[in-house]
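Notes for the one structure printed next.
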2 protein chains.
Amino acid sequence: AEEAAVRAQAETVRRLKQDKADPDEIAKEVSKLLEMKAQLGTDEGKHKFVLKTPKGTRDFGPKEMAIRERAFKAIISCFKRHGAEVIDTPVFELKETLTGKYGEDSKLIYDLKDQGGELLSLRYDLTVPFARYLAMNKITNIKRYHIAKVYRRDNPAMTRGRYREFYQCDFDIAGQFDPMIPDAECLKIVHEILSDLQLGDFVIKVNDRRILDGMFAVCGVPDSKFRTICSSVDKLDKMPWEEVRSEMVGEKGLSPEAADRIGEYVQLHGGLDLIERLLQDPKLSQNKLAKEGLGDMKLLFEYLTLFGITGKISFDLSLARGLDYYTGVIFEAVLLQQENEHVEEPVSVGSVAGGGRYDGLVGMFDPKGRKVPCVGVSIGIERIFSILEQRLEASEEKVRTTETQVLVASAQKKLLEERLKLISELWDAGIKAEMLYKKNPKLLNQLQYCEDTGIPLVAIVGEQELKDGVVKLRIVATREEVNVRRESLVEEIRIRTSQC
Amino acid sequence: AEEAAVRAQAETVRRLKQDKADPDEIAKEVSKLLEMKAQLGTDEGKHKFVLKTPKGTRDFGPKEMAIRERAFKAIISCFKRHGAEVIDTPVFELKETLTGKYGEDSKLIYDLKDQGGELLSLRYDLTVPFARYLAMNKITNIKRYHIAKVYRRDNPAMTRGRYREFYQCDFDIAGQFDPMIPDAECLKIVHEILSDLQLGDFVIKVNDRRILDGMFAVCGVPDSKFRTICSSVDKLDKMPWEEVRSEMVGEKGLSPEAADRIGEYVQLHGGLDLIERLLQDPKLSQNKLAKEGLGDMKLLFEYLTLFGITGKISFDLSLARGLDYYTGVIFEAVLLQQENEHVEEPVSVGSVAGGGRYDGLVGMFDPKGRKVPCVGVSIGIERIFSILEQRLEASEEKVRTTETQVLVASAQKKLLEERLKLISELWDAGIKAEMLYKKNPKLLNQLQYCEDTGIPLVAIVGEQELKDGVVKLRIVATREEVNVRRESLVEEIRIRTSQC
């Protein structure tokens, strides 16, 4: 009876996999299955460990890798177009390097076990390691990118591209420069990458921490509550204003009047016109920080106009960003729901890039507190992967996962040695070549392998061809076959696969 | 007085850095300096944490990255030439996934802190995660590569390229195939990569776990001592035979006679001739395992002869390899000291690649113990980085760390807007372009920036050029300047940098 239950559960898992169900659900059913099997206490007991990746992580198989590399290629080529160097840092840092940088999010940091030595944590982002790198090497001037995995003990939502191990693609400009020129370049980069990846319509929301702080001040938020009220504002992309307001007043003890004043500001969004209007705002214009921020925002919009990208930029007073270390401009790019006659206004389906200015972070690491102003952008690549994967699935396009140009095959038995000789010649000439690892494979199986994996050519050796000093080259797509002299084979393969 | 001591210590550090001393030594002196500073108790006290990367790890700056990417390019292009797909797995695994796979080396595994959830460990190599991936996805047939960092709490020797965080570049073939065909391909791959990277002369030592076990049996080693005696043999590349023998007899309780018999075998190395001789060896030829291993070794050498690479292969009975999971062929590539008249025999300067056959590992993960035979190779890239770095340093070749084709510059003031407009046009046309982030940079500074970073072209905008609808293009190397019509600029830059 119990065995029947196990079989039924196995069938459930099989069906879920076949239907490509939610991976979380599959994982749940698999773990249930394994538990049932373990309890059965058969000879399978010795293998009763759970066969899975850690919670919130996943493997990338060849297909996912092909998609991932496509996205990386677009991003890296943009970063290089803007003259960035590249760096890499260790996956873990001294625990104290990360301490005090992430505010409330610090609880999500992965620590390593104390195995007698330094106390270490996995990196939480690439920005803090970058600042540590600058301070440690006394670098005051660099434009670099860094693509690497970061780690957060967050609640994963893998179907929506939210993982505990995920890639960040960061581009940052460090150095003392004239205002808003590097900041404008960061926004240009986001615009280029999102356009290039053809993810659909998007908008880049922009704000400034100084405008936010000035706004809090004129609304009557006490200084000590700036950061925590800022965290509440940050939730406006996921919660309606009413809820955020009640968090401010209820949990955080803000006066209802102050909250209502904030409520009026945070619904504002627009372009140069809004900036001009706020520069005339009787309250904001009296606040030094807000005035500075608005002045820089105006300059930023002038530069973005020269770049021709203001059409996708929205100055949005509700944008706050969670992290503690921002000091100036902040921004976040969100994809809009595909246009649809039934939907009146485009709806945001999630953030795919974000960043901002953090002029104080490097100084936190420098023994003398010397500051290095920085601005940067982080591309949230996992969500982009999800979108590209879904799109590919829908398109039924076949993705090749290898670049093999030719399969070395034989039509008769006892030709393994000849195949080995030929493939070795091809490899040495730089041709991408495969063969089946069988002594006497059937020709049909060899041709089928090409069909399955998308190999465009087959080089067939046979008794007669060997005598004649030729190789039979078969074009898989057309089934055409031509005899090619052995000494011309490499050149012939190159020509026929030159578009690969 | 104490401040003077700090200054003296700072000077020591500065000098060591200037002299490019041993990084371990520099790190020691830096940490001493920081400690002295902290004890001084000045206002620097608030920044008294140690500014460093964790023990045994390092940052890769732009120069190191340029070298790293060169090496990766050679390796990846070889893996792709052999038709491999690519996968990636998480940096950590469930702790139990790694348990019982590494023998005595398990103590070097990094564990994560128990923060209430699964118990996790950082991966120790890429082979065990690969086997877990195969079993979990029921894959019985794949040829894949995987390039990623692995983690070992080993004693680092960073100047010799031994780190706690280091890259492995793995290529593996999984599946049930005819004997020694995939094994031969793995050796071909090592041969191709080491030749391609031009690391100097090398030899690939080959042996077989079955030959070793057969040898232990006929020498009179009790079954229970096979693995531990194998570990001793593994030390022969670092210790003389006398020491290894005394470990076998003293620590591991082997009889002196058995040790001496082993001593005779392990000094043997050669090619097909040696295999033939051992196949006739009155004792070995009686042992089933040894006979199987020798038979396969003969077949392997036949295939390697067809590949034309036996010149660099040495069948070496002293090769043992540390890891528990090998079951058949094992191999290791070592670089030989550059030929030198004063050195009589080439001396090995260290292992740069290794691998072997592990037919049982996937079965350890499969709930039903189903086996998937595997063979693979791992390229030890860190040591290769060290060699390439040293060579580059010696050659005084200048490495570019960006690919920027053109700097957008201005000869007069008040042209920031024109520079922004032009650079935006270039970016949108796919040209790699930079500009200085200054409103009014001096022309001299702009030209100097090109000299420093190797940018080959400068596009100079000026009042007159704007009127005439041209841009002045300066070739940095020759100082030649030509006026180019604005609409032809992109094409002109492409042509002039087409070799970049």
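Here the Cβ of each residue, glycine as well, is placed from N, Cα and C on the backbone.
Source: prediction; values computed, not measured.
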Site co-member for L-histidine according to TrEMBL, given B:Asp125, B:Leu126, B:Thr127, B:Gln168, B:Asp172, B:Arg321, B:Tyr325, B:Tyr326, out of B:Arg152, B:Arg277, B:Arg370: B:Arg152
Across the domain 'Aminoacyl-transfer RNA synthetases class-II family profile' (B:56-388), average pLDDT on the 0 to 100 scale: 93
Winner by Cβ contact number (other Cβ atoms within 10 Å) across the binding-site residues B:Thr127, B:Gln168: B:Thr127
In three-state DSSP terms, the structure that B:Thr127 (L-histidine binding site) belongs to: helix
Residues that sit under 8 angstroms from B:Arg321 (L-histidine binding site) by C-beta distance, when 6+ apart in the chain: B:Asp234, B:Ile330, B:Glu332, B:Gly354, B:Gly356
Count of other CB atoms lying within 10 Å of the CB belonging to B:Asp125 (L-histidine binding site): 20
Tertiary neighbours of B:Tyr326 (L-histidine binding site) (same chain, Cβ under 8 Å, six or more apart): B:Arg209, B:Gly356, B:Arg357, B:Tyr358
B:Tyr326 (L-histidine binding site) in three-state DSSP notation: coil
